[in-house]
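This report refers to the structure that appears directly beneath it.
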Amino acid sequence: MADESETAVKPPAPPLPQMMEGNGNGHEHCSDCENEEDNSYNRGGLSPANDTGAKKKKKKQKKKKEKGSETDSAQDQPVKMNSLPAERIQEIQKAIELFSVGQGPAKTMEEASKRSYQFWDTQPVPKLGEVVNTHGPVEPDKDNIRQEPYTLPQGSTWDALDLGDRGVLKELYTLLNENYVEDDDNMFRFDYSPEFLLWALRPPGWLPQWHCGVRVVSSRKLVGFISAIPANIHIYDTEKKMVEINFLCVHKKLRSKRVAPVLIREITRRIHLEGVFQAVYTAGVVLPKPVGTCRYWHRSLNPRKLIEVKFSHLSRNMTMQRTMKLYRLPETPKTAGLRPMETKDIPVVHQLLTRYLKQFHLTPVMSQEEVEHWFYPQENIIDTFVVENANGEVTDFLSFYTLPSTIMNHPTHKSLKAAYSFYNVHTQTPLLDLMSDALVLAKMKGFDVFNALDLMENKTFLEKLKFGIGDGNLQYYLYNWKCPSMGAEKVGLVLQ
C-alpha cells in the first residue's frame with residue numbers, strides 16, 4: 001500500500017484470466033476452471049480493492065440454485081438477498097468465504113501450491129512446481145482437429161457474434177457490464193464501452209468465429225462469451241503466431257453449469273482450425289504456470305472522489321486538504337513538442353515501438369496496420385501523444401487507454417474513470433518526464449486514477465510520481481509453450 005505520507009490506494013482489481021480451449025485463460029485470458037463461479041476474464045486492472053481480477057463468488061446465488069425446483073436459466077427469479085442492504089450482503093458473503101477457505105481461486109503461489117488443478121492438468125501448460133529451462137511447444141501441432149463444436153448444457157446454443165450489428169454489440173456490452181470482473185469487495189465492476197469492445201475485439205486479422213457466444217435457445221438471451229484475437233508474439237528468441245484470449249464471461253446464474261471450460265475448449269478448437277496452437281493470456285489468479293508476474297500501481301488524480309468511493313483511504317495523520325495538495329499536478333504538460341498522434345506519425349511510431357521492445361523477453365510484434373489500430377487516438381478509448389523536436393522529428397511517445405468502472409451502491413458517484421498505461425517509448429525525453437506529462441494529460445481529460453503495471457521500465461517512475469502499490473498481482477501465461485519465467489521488468493506486453 002502507499003507510504004504513510006500518502007493516501008493509501010486500493011488497486012483496481014486486475015484482469016481476470018483469459019483462456020483457451022484447453023488453454024489457459026488466455027488472452028487467452030485464463031480462467032480458474034476449478035472454481036467456475038469466479039470465472040470472468042479481462043486483462044486490465046479493475047478499480048480498487050484488489051488487483052486480483054477474479055470475480056468474487058456469489059454464494060448467495062449458488063445457494064438459491066441448490067434449492068430444489070429453481071431452474072438454472074438466465075430467467076431465474078432474483079435472489080431474495082438483493083433486498084438486504086449492500087453492507088449486510090457483503091458481510092454475509094465474507095462470512096461464507098471464511099467457511100470455504102481453500103475453495104476460491106489462488107491469489108498467490110503459496111495458495112496455489114495447496115490447490116488441485118484438474119482442468120489445467122489436462123492442458124498443455126507446465127505444472128506449477130515445474131522448473132522450466134527449455135524453450136518450445138508443450139505438445140506438437142495437431143493434424144486431426146475436431147470438426148464439431150463442443151456440447152453445451154441443454155437449452156444453450158453457440159452463436160458467433162456479429163459485432164458489426166449494434167444490437168448484438170449492445171447485448172455483449174450488457175452481458176459484460178452485469179457479469180464481468182468485479183473487485184473482491186463488490187464495489188467496482190469494469191464498464192467496457194461498446195466502442196472499446198470494437199477496438200479490443202476487431203484488430204487487423206480478426207475473425208468472426210472467434211467472437212464466440214452462448215445463447216439460451218428459447219429466449220435467445222446472451223449468457224456466455226469468449227474471444228480470441230490474432231497476435232504475433234516474440235518470446236525470448238522465438239516469434240510465434242498466437243492468439244490473445246479475452247472477455248471470458250458466463251452469466252452469474254449459469255456459473256454452476258461449468259460452462260467456462262466448454263467455452264475454453266470451443267475457442268481453442270476454433271483457433272486450432274485456423275492453424276494456431278499457442279496463446280498468451282493474463283489472470284489475476286494463479287494457475288499453472290505463470291511465465292511472469294506483474295503488479296498494478298495506482299496514481300490518484302481525483303483523490304477526493306477516490307476516497308469518497310473507498311477506492312482509496314486517508315492515511316494516518318493526513319487530512320483531505322493535505323492529500324489533495326500531495327497529488328496536485330501542473331495545469332499543463334512541460335515537454336516541448338508534445339502533441340496528439342496524427343496519421344502522419346504512424347510509420348515513425350511503428351519504428352520507435354519495434355526498436356524499443358527488443359530489450360524485453362515477451363513482446364508483441366506489430367505491423368504498421370496494427371500500430372495504427374492500437375495507437376491512433378480515439379476519444380474515450382485510446383490516447384497517444386508524440387514528442388516532436390525542433391527539427392520536426394518524432395522522438396518519443398506515450399499512450400494510455402480508457403477503462404471506466406461502475407461504482408456499485410454509492411449514492412452520488414456512479415462511474416470511476418481510469419486511464420491504463422499502454423506503451424511508452426523514450427529516446428530523447430526522460431521517461432520520468434514523459435509519464436509526468438501523461439498524468440497531467442489524463443487529469444486534464446477528467447480521469448480519476450491512472451493505473452500502470454510494474455513491467456518494462458515502469459518501476460523507474462512509479463514511486464517518484466506518487467503511485468501507490470496495488471494489493472494483487474497480474475500473472476502472464478502462455479498456452480502450449482514452455483520457457484523460463486521472467487521478471488516483470490522483462491515483460492513488454494500490455495493486454496487490454
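Just so it is clear, glycine is given a Cβ too, placed from its N, Cα and C backbone atoms.
Positions annotated as region 'Disordered' by Swiss-Prot: 1-82. Look at Swiss-Prot and you will find SER31, SER47, SER83 tagged as phosphoserine. According to Swiss-Prot, the feature compositional bias 'Basic residues' maps to 55-66. Marked as tetradecanoyl-CoA binding site by Swiss-Prot: GLN118, PHE119, TRP120, PHE247, LEU248, CYS249, VAL250, SER256, ARG258, VAL259, ALA260.
Locations of recorded Swiss-Prot features on the structure.
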residue: GLN118; record: tetradecanoyl-CoA binding site; Cβ within 10 Å: 10
residue: TRP120; record: tetradecanoyl-CoA binding site; Cβ within 10 Å: 27
residue: LEU248; record: tetradecanoyl-CoA binding site; Cβ within 10 Å: 35
residue: VAL250; record: tetradecanoyl-CoA binding site; Cβ within 10 Å: 29
residue: ARG258; record: tetradecanoyl-CoA binding site; Cβ within 10 Å: 15
residue: ALA260; record: tetradecanoyl-CoA binding site; Cβ within 10 Å: 29
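The DSSP secondary structure for ARG258 (tetradecanoyl-CoA binding site) is coil.
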